[in-house]
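**Student:** Can you read through this structure? Questions will come right after.
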Amino acid sequence: MPDMKLFAGNATPELAQRIANRLYTSLGDAAVGRFSDGEVSVQINENVRGGDIFIIQSTCAPTNDNLMELVVMVDALRRASAGRITAVIPYFGYARQDRRVRSARVPITAKVVADFLSSVGVDRVLTVDLHAEQIQGFFDVPVDNVFGSPILLEDMLQLNLDNPIVVSPDIGGVVRARAIAKLLNDTDMAIIDKRRPRANVSQVMHIIGDVAGRDCVLVDDMIDTGGTLCKAAEALKERGAKRVFAYATHPIFSGNAANNLRNSVIDEVVVCDTIPLSDEIKSLPNVRTLTLSGMLAEAIRRISNEESISAMFEH
């Protein structure tokens, strides 16, 4: 069996180190930096010939820099005769650009990124909670899309929730919310119906379901500016919700997110470590982070040993 080796770019160094610790190994020796003109510089400083290589790199902000680091690392490892290269992308950037809106002259950038990764020599992709699962079909290589929900659910069960109800922040998240509700002792579910007049701005319209006197658990795959989340929490509290907790896998937290969360009525926001948090976000008392390092380490181990990934999520 080829030697398994882990490498990491500069996007998620702490998560990469946690994964390495879980696998009782160390991160590979690679210098990933910049030339004086800002171009990505990569040098692999150890033998990888024939190795089973995993590169851990979220393509979060700065998205283009992190994406270029990833593809240049793949090329360096491919030219060094690596046996198999798996791109471990905890947060897959550009995933929201997954379709062309009718009559709009826009790209399908998620497909562009998939082609880019395939063209430089990625053999397999491991990612977490793709914004749209059909993005897997954009790739010409196998994609393992694992779920953060077991980690989030385990934390929810520790909250001692009072008459809980799972809330989907929009119609598109109903499937995710229903799955969480079923696992959370088959609890009830509510849906927030909203309109989005422009990007990153949403207006809550009404709530489908009775939330009065109940602990509400909002679930989503990501939090961007937090505007949608904060308006949803306000609507829930206005309709009598007792407490509001928000759970999401990917903490993008762009723009005015810190200020939005600081002034929000949300009791607690719980996210995963697929994207590093800024110091400002870390300082907020109502934001808490869970690690996916154990789950990702197990997925990497299974891929390396040619074992089933889907078996990790069988209940």
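Using the three backbone atoms N, Cα and C, a Cβ is placed for every residue, glycine included.
Annotations per Swiss-Prot:
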- K194: active site (ACT_SITE)
- D37, G38, E39, R96, Q97: ATP binding site (BINDING)
- H131: Mg(2+) 1 binding site (BINDING)
- D170: Mg(2+) 2 binding site (BINDING)
- R196, D220, D224, T225, G226, G227, T228: D-ribose 5-phosphate binding site (BINDING)
**Student:** Within 10 Å of each Cβ, count the other Cβ atoms and name the one among the binding-site residues E39, D224 with the highest count.
**Tutor:** D224
**Student:** What is the maximum Cα to Cα distance, in Å and rounded to a whole number, among the residues D37, G38, E39, R96, Q97 annotated as binding ATP?
**Tutor:** 30
**Student:** DSSP secondary structure for T228 (D-ribose 5-phosphate binding site), reduced to helix/strand/coil, please.
**Tutor:** helix
**Student:** Rounded to the nearest Å, what's the C-alpha distance separating D224 (D-ribose 5-phosphate binding site) and Q97 (ATP binding site)? Just drop the number here, would you?
**Tutor:** 14
**Student:** Hey, which of the binding-site residues Q97, T225, T228 is the loneliest by Cβ count within 10 Å?
**Tutor:** Q97
**Student:** What is the total of other Cβ atoms whose distance to the Cβ of G38 (ATP binding site) is within 10 Å?
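**Tutor:** The answer is 8.
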**Student:** Using C-alpha atoms only, work out the spacing between D220 (D-ribose 5-phosphate binding site) and G38 (ATP binding site) and round it to an integer in Å.
**Tutor:** 35
**Student:** Using all protein chains in view, find how many other C-beta atoms are within 10 Å of the C-beta of the residue listed as 'active site'.
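**Tutor:** There are 18 such Cβ atoms around the residue listed as 'active site'.
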**Student:** So, in DSSP terms, is K194 (active site) helix, strand, or coil?
**Tutor:** strand
**Student:** Which one is it, among the recorded positions K194, T225, T228, that lies nearest to G38 (ATP binding site) by Cα separation?
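**Tutor:** Among K194, T225, T228, T225.
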**Student:** Please determine which of the binding-site residues listed here (G226, G227) has the lowest count of neighbouring CB atoms within 10 Å.
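**Tutor:** Output over binding-site residues G226, G227: least Cβ neighbours within 10 Å is G227.
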**Student:** Just to be sure I understand the packing, how many Cβ atoms besides its own are within 10 Å of the Cβ of D220 (D-ribose 5-phosphate binding site)?
**Tutor:** 23
